[in-house]
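**Student:** Taken from TrEMBL, the feature domain 'Reverse transcriptase' applies to 363-634. What TrEMBL lists as region 'Disordered' is 760-784. Among the features that TrEMBL reports, compositional bias 'Basic and acidic residues' is placed at 760-778.
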Amino acid sequence: MSENRIAVTTVRLPIEDRFCDPDRFAWGSRVISPTGRQLLQDSEQHGYEVIGPDTPSHIPTNPRFRADVLDVVLCHQLPYTIYVEVLYDMDTQHLPILITLGTTAHMTPARPPTHRTDWDAFRSALEELHIGKSFSCPEEVDTAAQRLTEKVQAAYSAATTRLPAQTSRRWDLPPHLKLALQNKRNLQKLWARTRCPRIKCELNHITQYLRQAVWTFRGATWEETIEQAGEDWKSLHLLCRRLTRSPAPVCPLFDKTGTRRYAAKDRAEIQAEHLEEQFTPHTPSDTTEAASHHVQVERRVEEFLMAPVPPLPGDYFVSPAETGKMISRLPKRKAPGPDGIPTAAIRQLPRRAMVAMTRLFNGILRTGHFPKNRKMGRVIAIPKAGKDPRLATSQRPITLLSHIAKLFERIALRRLLRHLTPRQEQFGFRSGHSTTLQLARVLHHMAAEHNRGRRTVGVFLDIEKAFDRVWHPGLVFKLLNTQIPPALVRTVASFLEGRSFFVAVEDATSDPRPIHAGVPQGSCLSPCLYGVYTDDIPTLAGQLQDWEEDVVLALYADDSAYFASSRRADLAAAKIQRVLDLSPEWLDKWRVAVNVTKTATILTGQQRTMPLKLRLRGQDVEWQTKVRYLGVQIDCSMRMAAQVEQVIHQSRAARSMLRPVLRSHLPLRAKLALHKGYIRSRLTYAAPAWYALCSTSQKKRIQAQQSIALRMIVGTGRYVLNDVIARDLRIETVEEFIRRIARRMFDFADQGPHEFLRNIAPTHERSPSGRPLSREITKTPPPN
């Protein structure tokens, strides 16, 4: 049908005729039926879409029956985004559905506008840049920063030519098919008026011809796309992103009154209002001790900011060589911040502009004042997977900051790290550390204690809005208690205070909103500052008897977990409870909140009677049979069955979405690269930490996923053995690949500068029935 016509059909079937596709994912029903298979096959054959709501549209009152989706939407070449939702306002078993159409047609996605920049003209325009030689007060720093931004913006705008938008016409029908399509419509109208058998025969003939011709054209176009990708990794990556990441539907947002808002400006304001509430510190505790501590902290910080501080030593200031080195490390493809200056323009700055930028950075360090025009962030919202996209809380904010400001942040970070040594349990955003190493440490502790006949209790805390609600006075107070020079602390305090943001939705933007708490998202300083803020998280150190062991603390940014082991589960739980009893005092002092409903506890091994539930802030923390920590599912049996199910599901999904590419005529080398980057990477995420714990049958299931993918790539028959395919393709088995990366990981840890990581997760003698340890995967198995 043409691009200016809409065809939407809603289908509502009785309960006995409900349908679902065989994969149970196409339109949300929970059952498989012949009707569903027939509809799926027909939709694929004729090229229309079947869209269902995310929630059931039929909720029976009889408890013997389960809720299900009975209503779907059929649409063909709809030029608008569509979103289907169920209306729960009516008191009926069969609920109505609401279909929301986007206001902007986007049948063919428009390519981003292309630009051509004359870099010689850009550099020439900045050869005479002058922003001042020395800055001694905040006003001069603000003026110089504004002047530098305006000059670079003007030079970049003058040297850049916007090329005409080139809309991809690859999927448009050729003229002869468009003419045949118009003839078909004319025949349809004529047959509707005359009901002439001869016209009906002509209509059937041209319909059959069009169906076959369009199918052939689409196939040829897809083959052309595959051939253009070739072996270029960038083109292949973009092609796979199109297949694996479908665009999120544009749907309205609910405001505070529950009214749906469709306009882009309204959605931007709703999101900005929600984020403004999120970027505020947690409500202070009403206890006397906490209130007194807050007053002391705020008074101490206020006195520090008002008093003069000694200047920084000379080696803290920046040289043009250091600025140039930092510029050379900027990524080439990053979205610009609110100032619109891309990294490509910064990399092309002439030396005079680089020197001017260096003077600005030194002025910031000298005055301890961060420029005001560098404190604005541009926020775009991305819907979270599996959440209701109509709620502002279901959007993930991404903040884009000025790249010039990021340059200074990297320079400041190097100076901060001279005086900061995070606690050894913190593995987040540190050189030489990783999630896999932390998981190996945790799983090794649990498995080793299990082999000693001891039970391990673990509690996984969910810090509520950890980065977004850091209390600024508390952070500055903790920086003052370190060896960081006071002038640099004042610069960090200026960097945190007075920040603002605005939300961009499509072509609309919200009004600027202030930020009252938190460390800036997208800043390289934020992980370091958050680590300082939570560095004194409590343990049982100083409160133990001589014969007692302290709890094991595992930190990765805001992911916090405690572990305690004992031969009796109730004793291990009692030790964890002692830590939880200490936590409220620390949480209240530093205005940190824990979401108790999302906090989970786990007990390794089988237990007939579970210990009493742990309590935090007067609420019960539920016992779980499995928990998710750093992206890995840890079950109480320590056999990693839930993790195996997760990686198999993810690899199947990736293989299914990449099926058109893996079965195409691409060179084998290119398809193998896609397999390694998209399928095997999902199978082996953090595998050096957990793979050794899997049973032989689970390992075979993981290997089977790779064998299926390789068989799909080469297209061989069932008579060819999997070992022969892998040998001819020179692809190592999953276990061999995990053994290789595990050896490399542990070797780097053992030979690195961090003493705590050396010999992490060591191997011990164990009984044959004991749980394997993470390092055992590095040993070469005996030959069969």
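Including glycine, each Cβ sits where the backbone N, Cα and C put it.
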**Student:** Would you kindly list the residues that approach the region 'Disordered' (760-784) from elsewhere in its chain, counting only those six or more residues past its ends and only Cβ-Cβ distances under 8 Å?
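**Tutor:** Apart from its flanks, the region 'Disordered' (760-784) reaches 437, 440-441, 443-444, 447-448, 450-451, 638, 688-693, 735, 738-739, 742-743, 746, 749.
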**Student:** Which whole-number mean pLDDT does the model give the domain 'Reverse transcriptase' (363-634)?
**Tutor:** 91
**Student:** What does DSSP give as the helix, strand and coil breakdown of the compositional bias 'Basic and acidic residues' (760-778)?
**Tutor:** 5 helix, 0 strand, 14 coil
